[in-house]
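Participant: Per TrEMBL, the features are:
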BINDING   A:D37, A:D84, A:D223  Mg(2+) 3 binding site
BINDING   A:D37, A:T53, A:D84  Mg(2+) 4 binding site
BINDING   A:T54, A:D55, A:D132  Mg(2+) 1 binding site
BINDING   A:D55, A:D84  Mg(2+) 2 binding site
BINDING   A:H62, A:E276, A:W322  substrate binding site
BINDING   A:G131, A:D132, A:S225  ATP binding site
BINDING   A:D226  Mg(2+) 5 binding site
DOMAIN    A:35-148  domain 'PurM-like N-terminal'
Number of protein chains: 2
Amino acid sequence: MIQTGIPTKGPTLGDVGERSVIQSIVDVTPSSINGDDAAVLHRSSPNSRAVVTTDMLVEGRHFRWDVTTPRQVGRKAIVQNFADIEAMGARPVAALLSLSAPKDLPVAVVTELARGIGDEVGKYAAELVGGDVTSGDSLVMSVTAIGSLGGNRWALTLDGARGGQNLVAHGRIGYSAAGLALLESGREIPEELTSLVQAYQAPEITPGSGVIARSAGATSMTDNSDGLLHDLKLLALRSGVNMDIDSSTIAPDDRLRAAGEFLDHDPWQWVCEGGEDHTLLGTISGDAPVGFRTIGGTAKPGTGEEPVVTIDGGATTYGGGWESFA
Amino acid sequence: MIQTGIPTKGPTLGDVGERSVIQSIVDVTPSSINGDDAAVLHRSSPNSRAVVTTDMLVEGRHFRWDVTTPRQVGRKAIVQNFADIEAMGARPVAALLSLSAPKDLPVAVVTELARGIGDEVGKYAAELVGGDVTSGDSLVMSVTAIGSLGGNRWALTLDGARGGQNLVAHGRIGYSAAGLALLESGREIPEELTSLVQAYQAPEITPGSGVIARSAGATSMTDNSDGLLHDLKLLALRSGVNMDIDSSTIAPDDRLRAAGEFLDHDPWQWVCEGGEDHTLLGTISGDAPVGFRTIGGTAKPGTGEEPVVTIDGGATTYGGGWESFA
């Protein structure tokens, strides 16, 4: 069953006050290192480095209660940050949550957000180690994720792709955008398409995929936060290599095609331009790492030529991607 | 001269778009490790641990343009986070900035915020290593700070105070609250009181003070973010010790008394209840560490008695402190 909307009953943040709001978060995300001026992370192996990233989520812009629940939003907030840690080849170990919310917001909304965060950090054996709550006109969440990059091998940076490599992917592509389109249509969603909706409401990546890819020899990685072509274009530009996608490897599957027919929408648009699947995208000289599949390859551009992303060797009319101030 | 207010001219965030906004931040806070999915921090010594904290600042609630400039707000945002890192006895090494802002905000406001951040991280030889910008109805900043805790010695946690220790402080107390009161009065501020205003607009702590205190044998530490008595009360409760302050060590100085007369306000209230000085407050069994002074002592409470904070051995009517959802 598809769930959306927020709890509307019970005490509000203003009723219970800051300390109780914090307690309601900590209760569902227990951590022995939370609650001081700052959190001291457990010591990793001597050679490990810390990896950090952050994302801000604004109600009405990055999440809406007509298409998600607070628990799902909590899960998404962690997944999108942890995907960025994985995309460096690192292991997520901790998260911080900052939250600004109106005083009249029911505490249950915050508790559910925190529960979703707890669900997801638990999958990674990570912890919510700190945060801040404050009042504000709108509901704004900021999540910071901290990861551990073991050993001496380089991180999977955006400039690490080289010519002659395989382009590899882990996770579905286009499902999240299709799921959002289904929810926004306002139509009753057929049972067989609910997995698309779930992919939007609570995308999942397999914990450890980035670490596996790094161990297997991947040299660059990102995720499709903003759209497959948009994010690959960034990888291509930063690395200075061309990327060509084999269309048969990303072609809309039965579900995406069914959703496309149901909504009279081109499913390729979801695949090429839809973001938020948090599918890991990387390059490797050898075979695709476990859990990844090859979706194309890279090549050195001609001298003086700007790197391009092509499909089956040709230019594509798809493009676009997310722009924050559009 | 006292400065407040924001730039109102020039292109807006909506005019230039996300990429240019990010570039305008990065231009004034250069870092070689910024710009990937996540930032990989430099390797510290093998024994070091990462320490993390975060604070969210909402326009109209935590900062206002009638009493500060964007550059000052940028500086304050770093100082309050780095003070939390110092209060663990750790060294701040990096910061992340998330920012939500209306599309019609002049880019110059963001550039100035970033410039203030750059000013302050530079003092610590730290770096702004990443962030996120997005549009939203209100201006909300979230800063995360990452520190390095060297060696095997314990962090300066809130539960580390013991009976029979000296209570020590680094930095002025009450200046920030007095400065805000002066600004809010709307009156022309006498030249000799501008240092109070500066303490509100851009409080400073000496980089490395927390590390020095930890090396010298301090066992607990916090800072007066929310008010001297409020924050000491938390330290007392979490450690299970009484704290007594020697009033002569915190008595309002000439400047605070002059401001009190000027505004017809009790300067003790600023000292006891005013926060945001980010004065480091800790306990140590020996002498006060370099840069710190002794302001009182600790004692074990009687069996079954709740820990208390007293002044000159007696209860105080001052108290209060910041409540986010009041």
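Yeah, the Cβs are placed from backbone N, Cα and C, and that goes for glycine too.
Automatic prediction, not curation, is the source of TrEMBL annotations.
So where do these features actually land, and what's packed around them?
Facilitator: Counting every protein chain shown, the Cβ of A:D37 (Mg(2+) 3 binding site) has 27 other Cβ atoms within 10 Å. Under DSSP, A:D37 (Mg(2+) 3 binding site) is assigned to coil, being neither helix nor strand in the three-state scheme.
Counting every protein chain shown, the Cβ of A:T53 (Mg(2+) 4 binding site) has 29 other Cβ atoms within 10 Å.
Under a cutoff of 8 A between CB atoms, and with a sequence separation of 6+ in the same chain, the neighbours of A:D132 (Mg(2+) 1 binding site) are A:L97, A:S98, A:L99.
Secondary structure at A:D55 (Mg(2+) 1 binding site), taken from DSSP and collapsed to helix, strand or coil, is strand. Within 10 Å of the Cβ of A:D55 (Mg(2+) 1 binding site) there are 24 other Cβ atoms, across all protein chains.
Proximity of A:E276 (substrate binding site) to non-local residues of its own chain (separation of 6 or more, Cβ distance below 8 Å) is seen for A:K76, A:Q80, A:S176, A:A177, A:L180, A:Y200, A:P203, A:N224, A:S225, given in sequence order. According to DSSP, A:E276 (substrate binding site) sits in a coil region rather than a helix or strand.
Note on the domain 'PurM-like N-terminal' (A:35-148): its mean pLDDT in the predicted model is 94.
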Participant: For the binding-site residues A:D132, A:D226, A:E276, return the ones with C-beta distance to chain B below 8 angstroms, or 'none'.
Facilitator: A:D132
Participant: With Cβ-Cβ distance below 8 Å and at least 6 positions apart along the chain, what are the contacts of A:D84 (Mg(2+) 3 binding site)? List them in sequence order.
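Facilitator: Same-chain residues close to A:D84 (Mg(2+) 3 binding site) (Cβ under 8 Å, separated by 6 or more) are A:T53, A:D55, A:A145, A:D223, A:S225.
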Participant: Within 10 Å of each Cβ, count the other Cβ atoms and name the one among the binding-site residues A:T54, A:S225 with the highest count.
Facilitator: A:T54
Participant: Are there any residues at least 6 positions away along the chain from A:H62 (substrate binding site) with a Cβ closer than 8 Å to its Cβ? List them or say none.
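Facilitator: Listed in sequence order, they are A:M56.
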Participant: Minimum Cβ neighbour count within 10 Å among the binding-site residues A:D223, A:D226: which residue?
Facilitator: A:D226
Participant: In DSSP terms, helix, strand or coil for A:D226 (Mg(2+) 5 binding site)?
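Facilitator: It is coil.
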Participant: If I take the alpha carbons of A:D37 (Mg(2+) 3 binding site) and A:T54 (Mg(2+) 1 binding site), what is the distance between them in whole Å?
Facilitator: 19
Participant: Tell me the Cα distance separating A:T54 (Mg(2+) 1 binding site) from A:G131 (ATP binding site), rounded to the nearest angstrom.
Facilitator: 13
